[in-house]
Structure formats: C-alpha cells, structure tokens
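Per TrEMBL, these features apply:
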DOMAIN    D:6-252  domain 'Thiazole synthase ThiG'
ACT_SITE  D:99  active site, schiff-base intermediate with DXP
BINDING   D:160, D:187, D:188, D:209, D:210  1-deoxy-D-xylulose 5-phosphate binding site
REGION    D:247-268  region 'Disordered'
C-alpha cells in the first residue's frame with residue numbers, strides 16, 4: 001500500500017521533483033510548487049542567493065514550501081567549478097543534498113561524463129548526497145554508482161527542449177540493468193504524457209522545470225504533471241496490457257451470435 | 001472553471017468512457033467503473049442481455065453504476081445488421097444512445113466507412129443519438145457529420161492492440177479541421193500515457209476497455225487512466241510549452257556568473 | 001532472375017513511377033525522367049495539354065521519353081468530374097491507363113473514399129485501366145478491387161508533405177491482407193530512405209513527383225530514388241535480418257578467447 | 001564531381017565499410033565483399049588469425065579482396081586489452097589502421113567511454129590510425145578528437161540489433177557540431193533504408209556486418225546496401241525537399257481550371 005520513493009535514507013510520497021527557475025513571478029512559482037505536491041525542489045545559488053537582495057523573496061518562498069532543498073550546480077563546466085559551487089551551496093542552503101551538473105557542451109547542454117564522475121567521486125568523499133544529472137549511458141551510470149552515488153538522474157532529452165524520451169531503448173536498458181537503483185528522469189520532459197510514459201517504464205520519479213514554468217498557466221500545468229506522474233506510477237504497478245500486433249475484439253461475440261440466442265424480447 | 005463534455009444535449013464531468021467486457025469478474029468490472037469516474041459505459045446486447053440468465057448480474061451491476069448507457073453494435077458487419085441490433089438494444093436498454101460499429105474486416109476489425117455512413121444515416125432518421133466508431137479518415141468523418149452524427153469516435157489503433165495513436169498526423173488533421181465537433185478517441189489505447197497524449201492534442205474524451213480489463217490489476221489501472229485523462233485535459237488547457245530543437249538552460253546563469261557577484265558568505 | 005512489375009498485362013523493369021509537374025524547367029524534367037529509369041509517367045491534361053501552346057514542349061518531351069503515359073485526374077473533387085476528365089485524357093493522350101484521383105478535402109488533399117469507388121466502378125465499365133490513388137484503408141482498398149481495379153496506389157502521407165510512411169501499421173496490414181495485388185505507394189514520399197523502406201516492406205513500386213522536382217538538384221535526386229528503390233526491392237528479396245531487442249556480437253569471441261589460443265606470433 | 005571519402009590521408013570511392021564475420025561460408029563472405037564495393041573491411045585477429053589453420057582460407061580471401069584492412073579489437077573490455085590486441089594485429093595484418101572497440105557492458109555491448117579515450121590516446125601515441133567505435137555522446141566524441149582520432153564511428157544502435165538510428169536527435173547534434181570530422185555510422189544498421197537515412201543526414205559512411213551476413217541472401221543484401229548508401233549520399237548532395245506540415249498539390253490546377261481553358265478537343 002505504501003509506495004514511497006526512497007533516496008539517501010529519506011522517504012517521499014511524491015515522485016515529482018520540481019525546479020524553481022523561469023516562472024513568470026515568485027508567487028506563481030510558489031503556487032506551482034504547492035500544487036505539484038513536490039517534496040523536493042531544485043534551486044541554484046547563482047539565482048536564488050538568499051544573501052542578495054533580489055533573491056530574498058524567492059528564497060523565502062522556497063523555504064516556506066517545506067520541501068527538501070536540492071541545490072544544483074547548473075552552469076558549471078568543470079568538476080572543480082562544480083565542487084566549489086557545491087560547497088558554497090551546502091553552506092548557504094544548509095543541506096548536503098546536491099544535484100550535480102557538469103555541462104559538457106554549450107549547444108546541447110549535455111552532462112560531461114568525464115567531469116561528472118570526477119566531481120561525483122570528490123563530492124561523495126566530502127560527504128555530499130549526490131544526485132547526478134547524467135546521460136542515458138549505462139557505463140557512465142555504472143561509474144557514478146561506483147563513485148558512491150545512490151541515485152541517478154538520466155536525461156530524457158536536452159534541457160529545455162521538451163522532446164520527451166528521445167532514446168527509449170537506452171532508457172529501457174538502464175532500467176533493466178539497474179533494477180535496484182532509484183532512477184529519476186531529469187530534463188527534456190515537455191508534456192504530462194511523456195512523464196507518464198517514463199513512470200510506466202518503471203522509472204522512480206521525474207524532475208522538470210521548464211515544462212511547468214513556461215506553460216501558459218504554470219499552476220494548472222503543475223497539477224497536470226502531478227496527475228500524470230501518479231497515473232504512470234499506478235499503471236506501472238497495475239501491470240500494463242501487452243501490446244498486440246493484431247486486433248482482438250473487446251466484445252467477443254463470434255461464438256455467441258445474438259440471432260442464435262433466444263429472443264430476449266419474447267422472453268421478458 | 002466548468003469544463004464539461006457536452007454530447008447530445010447532456011453534460012458530463014468525466015472525459016473517460018469505459019467498456020464493460022473482458023473483466024476477470026463482474027465485481028472487478030463494477031469496481032473498475034466506479035474508480036474510473038466514468039459517466040458513460042458501453043455495453044453489448046450480445047453479451048449483457050438482461051433477459052438471459054447469465055447476463056443478469058452484469059446487467060444489474062452496470063445499471064447500478066448510474067452511468068449513461070451506450071449500447072454498441074459490436075460484431076455487426078453490415079448496416080442492416082447494425083440497425084437491427086440497434087433497435088433491439090434501444091428496446092431493452094431503454095436509451096436511444098448508440099455506439100455504432102460496422103466492422104469491415106476480420107483481421108484489423110476496422111470500421112467499414114461505407115456501411116458506417118449508411119447505418120448512421122438510417123439510425124439518425126430513426127431517432128438514435130449515434131456515436132460512430134470510425135477511422136481517422138477526414139472525409140469519412142465529414143460524411144458522418146453530414147448524416148447527422150453530433151459526435152465522432154475515431155480510432156487510435158485497431159481494437160485490443162494497445163498500439164496507441166498510430167497516425168498522429170491524421171488525428172491532428174481531424175482536430176484542426178473539425179474544431180467544434182466533440183471527438184472521442186475510441187480503440188487502440190493501451191497505456192495511460194497514450195490517453196494523456198490524446199487529450200493533450202485536444203481530443204474531447206477517450207473510450208477504452210481492453211487496457212483496463214486486461215491489466216494485471218484492472219481497478220488500479222482504471223484509476224491510472226482517470227488521472228491520465230484528467231492530466232492530459234488540464235495540460236491542453238494550461239497550454240503546453242513549445243517543443244524546442246535546441247537546448248536552453250532552465251537555470252540561465254551565463255550572463256550572471258556567480259563569481260562576479262558579491263560574495264554571499266561575507267555579506268551575511 | 002526476372003523481377004518484373006506486372007500491371008494490367010504489361011511488364012516493367014522499373015519500379016519507380018514518376019510525375020511530370022513542378023520541375024524548374026522542361027529540360028530538367030526530361031533529364032530527371034531519363035535518369036530515374038521510370039517506364040511510367042503521370043501527367044495531367046490540365047497542365048500538359050498538347051493542344052495548348054505552352055504545353056507543347058513539355059508534352060513533346062514526355063512523349064519522347066517512351067514511357068507508358070498515366071494521365072491523372074488531379075484536382076477533381078467528384079466522381080463525375082473525374083470521369084469527364086478521364087474521357088478527355090484518353091482521347092488526347094491515346095491511352096486507357098488512368099491514375100484516378102478524387103480529392104476529398106482541400107487541406108490534406110486526401111482521396112475521397114466514396115467518390116473514388118463510384119468513379120472507379122464507372123471507369124472500369126468504360127474500359128479504363130484504373131490505378132486509383134487511395135488511402136491506406138483496407139476496406140476502401142477491397143472495394144476498389146471489387147470495382148475492378150487490378151492495382152492500388154495507397155498514400156504514404158498527404159501529397160507534397162514528404163512525411164514518408166505515416167502509418168506503417170496500416171500499410172503492413174494492406175500488404176498482409178492483399179498479398180497478390182500490386183500495391184504502389186503514391187504520395188508523401190520525401191526521401192530515398194523512405195522509398196527504400198516502402199520497398200523493404202514488400203510494396204511493388206513507388207510513385208512520386210515533388211521529392212524529385214523540388215530537390216535542389218532534381219536530376220541527381222531522380223538517380224538517388226532510382227538506386228533506393230532498387231535497394232529496397234533487393235533487400236526485400238534478399239530477406240532482411242530480424243530486428244533484435246538485445247545486442248549480439250558480430251565478432252563472437254567469448255567462447256574462443258584469444259589468450260587461450262596458441263600465440264600467433266610464435267607460431268609464424 | 002569527385003566525391004571521395006578521405007580518412008587518414010587515403011581516399012576511397014566507396015562509403016560502405018563491411019565486416020567479415022558471421023557469413024554462412026568463406027565463399028559467401030568473399031562474394032559479399034566484392035559485390036558491396038567496399039574498400040575497407042574490418043576483421044579480428046581473434047577470428048581471422050592467419051597463423052591458425054582454420055583461419056587460413058578466410059584470411060586469404062580477405063587479403064585477395066584488395067581492401068584496406070581495418071583490424072578491430074572486438075571483445076576487449078579494458079584499454080590495456082585493446083592496446084595489446086592492437087599491437088598484435090598491427091604485427092600480423094601489417095597495417096596501423098585500427099577499429100578501436102572497448103566494450104563496457106555485456107548486455108548492450110556498448111562502447112566504454114572511459115576506456116575508449118584512454119586506449120585511443122595511447123594508441124595514437126604508438127602511431128596507430130585509430131577509428132574508434134563510440135556512442136553518439138558529443139562530449140565523448142570531442143575527447144576522442146582531442147586524443148588524436150581523425151575519424152569517429154558513432155553507433156546507430158547496439159551491435160547486431162538492426163534497430164537503426166535510435167537517437168536521431170543526438171546523431172544530428174554530432175553532425176551539426178562536428179561538420180569537418182568524418183563520421184561513420186557503425187553498428188545497429190539492419191536495413192538499407194536505415195543506411196540511406198544515415199547518409200541523407202550527412203554522415204560520411206556506414207559500417208555494418210550482421211545485416212549482410214545474416215540476410216537470407218547475403219550477396220544480394222550486400223548489393224542492396226551498396227545501392228542504398230549511394231542513394232543516401234546522392235540525396236544528401238542533391239538537397240532533400242523540406243518536409244511540409246500541410247499538403248500541396250503536385251499538380252496545381254486550382255488557379256487554372258481546365259474548363260476555363262480553351263477546349264483542347266475542338267482546337268486540334
């Protein structure tokens with residue numbers, strides 16, 4: 001009955017992790033988080049610096065959400081940069097949870113496999129609870145686990161594209177090969193149907209930001225994603241029907257033709 | 001605020017129409033319908049003949065659901081057969097609502113465009129409120145509207161396959177060309193993510209049976225579909241983000257590098 | 001060894017049917033046809049009226065190609081219009097071969113299933129050899145065969161879109177259900193890879209126009225399509241490997257590890 | 001006019017690289033290579049050890065093909081293993097060309113990004129001309145270039161699956177970001193249409209083995225791939241039409257209706 005997401009010793013009822021950037025206003029951000037049901041929010045010291053004037057309101061609203069904070073290292077391009085930002089974030093946000101990002105290319109903003117493993121190993125040593133934003137490369141994922149990560153966050157598609165799950169084959173491979181590891185699809189999700197599909201495939205949670213923040217109505221979209229993620233999880237547990245190549249009637253009547261039955265009208 | 005599905009002068013809160021066949025037991029059928037939130041259920045005189053002994057329990061349970069009954073003409077291969085079965089169904093189920101099926105091929109169980117238009121025209125004349133199960137052919141759809149149908153139910157894929165929306169191009173064409181017509185995706189939906197996608201595309205409702213009835217846990221799957229359809233509808237109304245070809249950061253920091261900001265630690 | 005396309009009693013070595021519209025110039029059209037290797041060309045009385053001044057050059061070039069002419073009824077919206085144009089085309093182009101088009105919608109320019117069957121039946125009676133441009137609807141296809149058509153030309157996608165094979169499921173169904181009927185994919189093909197795929201699926205030929213005529217270099221593109229269609233046909237006959245879900249080494253060495261073999265260096 | 005593939009200072013007319021494993025017989029292998037037109041063949045010391053009795057015939061046939069030999073390190077799981085096998089292969093096959101494989105997972109047989117970069121750097125230092133079999137990860141590709149590789153061979157799908165181009169988005173990203181680098185799609189290609197598509201996307205060549213060797217008729221399939229690769233390359237150079245969302249007539253007659261023209265019959 002209890003279907004909890006377990007990460008680094010904590011349990012969560014929600015499988016929807018949400019970002020805090022790009023919203024039309026702090027108030028809409030705050031309401032979107034509330035409606036999403038998220039219990040974990042990502043945020044960036046570079047944007048939500050509580051020590052800076054303009055960051056105060058956003059920071060207060062995020063803190064009031066009561067969510068587990070998940071500071072990220074967005075924009076970092078080397079392991080060293082990421083480690084430095086992680087340390088500052090831990091200090092200021094008072095949590096050792098970290099969404100590790102090491103960006104390897106300006107065009108597709110993809111994770112740098114090499115920098116990521118290097119940074120993850122260092123951060124784990126320093127006591128961080130690292131949730132790496134990674135690609136769907138199985139070998140990279142195994143290296144991150146070896147480095148001490150207990151959770152992985154493979155991308156569906158490049159950040160902000162909304163393209164959904166670009167390579168279902170490799171995502172299925174990840175799920176099959178790493179059955180015990182919490183896997184959170186992070187980045188690329190643009191529509192609730194895509195989030196539902198990720199959950200139907202057996203992924204443990206979904207993290208997104210742009211698709212909510214850039215919707216015409218972010219609050220309504222946050223609700224839509226909450227429902228879709230719940231739907232996908234329920235479907236995964238309920239056991240999806242097997243896709244068939246050929247049609248089969250949902251109303252099988254061939255062996256029981258009506259006109260061979262007694263006439264229902266005269267029998268009444 | 002009020003987002004109602006309007007069909008033939010009636011309003012419905014639910015956009016999930018559900019079938020009554022193939023369930024493991026009458027009790028599971030009954031509970032699945034309840035959990036789905038459906039307000040319209042399809043059923044077949046050939047299976048749920050209330051005048052016949054074995055049909056009594058199922059029939060009682062369906063009646064107790066309080067749903068609008070939508071008798072279907074499943075298994076009919078000609079317009080004449082369909083009209084005859086429709087008349088008997090109206091008599092026995094005491095409703096002039098009808099899901100019109102005229103099957104044109106035993107292999108893919110597809111609607112017969114020709115028999116469908118012929119039967120629809122005749123049934124409308126006889127006072128039926130016809131919901132035709134049709135293909136995604138725009139010309140066929142226009143003919144059915146000309147024949148007096150106020151709602152259309154194009155397929156996503158052949159019955160019972162769970163293949164989802166096989167031809168999104170033609171479905172989008174239907175939606176674009178018939179903006180005022182209630183369009184219900186009927187048949188072929190195998191997973192909640194597919195139902196959500198249909199709703200995100202602007203379809204008005206989804207009708208399905210096999211994907212719930214053949215799930216490992218039909219009741220849980222009924223709930224999953226209810227959530228997904230709600231999610232897809234909400235997303236459609238909330239305005240999906242536009243899919244992008246290239247990545248864009250959800251945490252845009254390039255113009256505001258942290259290391260050029262005042263040091264947050266010393267400022268506290 | 002002899003792999004001929006047989007249509008209405010004639011045999012063709014080429015499985016590439018080409019259109020004659022939209023080219024940058026008559027000379028490029030002429031050279032494209034030559035390079036394509038096509039033995040059948042479609043043309044329209046509405047454009048290539050040999051009796052009209054501006055049509056003379058094009059008409060002369062087409063005639064000089066030595067191809068079987070296949071006049072079409074492009075732009076006709078009713079069976080009657082199509083029959084009338086067919087009669088005039090027969091008179092002027094001196095052939096009873098006809099690509100029958102009855103357009104049902106201005107937006108997607110799709111075939112009208114109803115007008116198509118009506119026109120086909122009438123034209124067959126009048127002695128035409130009808131090649132109907134139709135959708136991928138199996139029931140429509142069966143009706144056209146019943147009306148006396150010996151060949152069918154289902155679309156891949158709407159004319160001029162280059163979207164390729166939009167509904168592979170329904171096309172595979174057609175191929176499976178009508179194993180003896182020559183099936184030519186007509187419309188929607190935008191790239192040689194798509195034409196090759198159609199042939200790999202077992203279709204008998206491909207008809208296209210826009211993808212060649214609107215290429216940057218139509219003559220080179222005509223050659224590319226010729227090669228691709230040949231490639232797809234050869235692959236179909238050679239028997240494609242079965243797609244696998246899991247990887248298998250093309251160089252299987254696991255059971256024969258090198259380091260257990262005698263040392264090749266010392267053996268030399 | 002001359003469209004040559006340039007790799008490591010050599011020029012090739014063929015853009016089809018072929019493997020030498022899995023054929024029903026040495027004779028069929030030999031004929032398949034000949035028919036393919038390939039000028040580069042991969043082979044493995046583990047299989048085609050010319051010093052071992054059973055390898056003699058195959059080795060003689062490969063040598064007689066006159067192709068550039070491209071020994072591979074199939075089955076190697078570490079950089080060290082790959083370097084050792086590379087050295088032996090260079091000795092025996094008398095070429096410093098090398099297809100570098102470092103396998104990272106037994107299930108999907110994927111390249112190990114970490115071992116690959118390590119091995120590539122070492123082999124380049126030792127004077128090898130390295131063609132690395134890699135994933136479609138842009139950062140990995142950039143590292144391999146940094147290590148001194150002048151050519152890259154990203155996968156389409158896992159070896160032997162025939163799934164085609166699983167992630168077109170990432171492959172397009174590679175092509176866009178590395179416009180000057182020869183990129184050869186290696187692994188996963190199962191059908192000529194897939195090879196043609198890779199070439200249409202602008203890739204420089206295709207390497208495959210299983211799809212030919214495991215065809216019902218390998219020789220005919222080798223020919224089919226040769227044609228398809230040529231077709232795809234020609235199409236890329238000829239400039240594919242732009243895919244359209246909406247239909248447009250290939251025979252535009254709307255503004256020039258026939259019945260407003262002079263009557264062609266009376267004018268004759």
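Glycine is no exception: its Cβ is also placed from the backbone N, Cα and C atoms.
Distribution of TrEMBL features across the structure.
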| residue | record | DSSP class |
| --- | --- | --- |
| D:99 | active site, schiff-base intermediate with DXP | strand |
| D:160 | 1-deoxy-D-xylulose 5-phosphate binding site | coil |
| D:187 | 1-deoxy-D-xylulose 5-phosphate binding site | coil |
| D:209 | 1-deoxy-D-xylulose 5-phosphate binding site | coil |
Could you round the CA separation between the residue listed as 'active site, schiff-base intermediate with DXP' and residue D:209 (1-deoxy-D-xylulose 5-phosphate binding site) to a whole angstrom and send it over?
14
How does the model score the domain 'Thiazole synthase ThiG' (D:6-252) in terms of mean pLDDT?
93
With every protein chain in view, how many other Cβ atoms are within 10 Å of the Cβ of residue D:187 (1-deoxy-D-xylulose 5-phosphate binding site)?
28
Chain C proximity: which recorded positions among D:99, D:160, D:188, D:209, D:210 have CB distances under 8 Å? Answer 'none' if there are none.
D:160, D:209, D:210
Same chain, 6+ residues apart, C-beta under 8 Å of the C-beta of residue D:210 (1-deoxy-D-xylulose 5-phosphate binding site), given in sequence order:
D:19, D:22, D:159, D:160, D:162, D:190
Need one number for the 1-deoxy-D-xylulose 5-phosphate-binding residues D:160, D:187, D:188, D:209, D:210: the maximum pairwise CA distance in Å, whole number please.
9
Under 8 Å by Cβ from residue D:209 (1-deoxy-D-xylulose 5-phosphate binding site), same chain, sequence gap 6 or more:
D:18, D:19, D:20, D:21, D:22, D:42
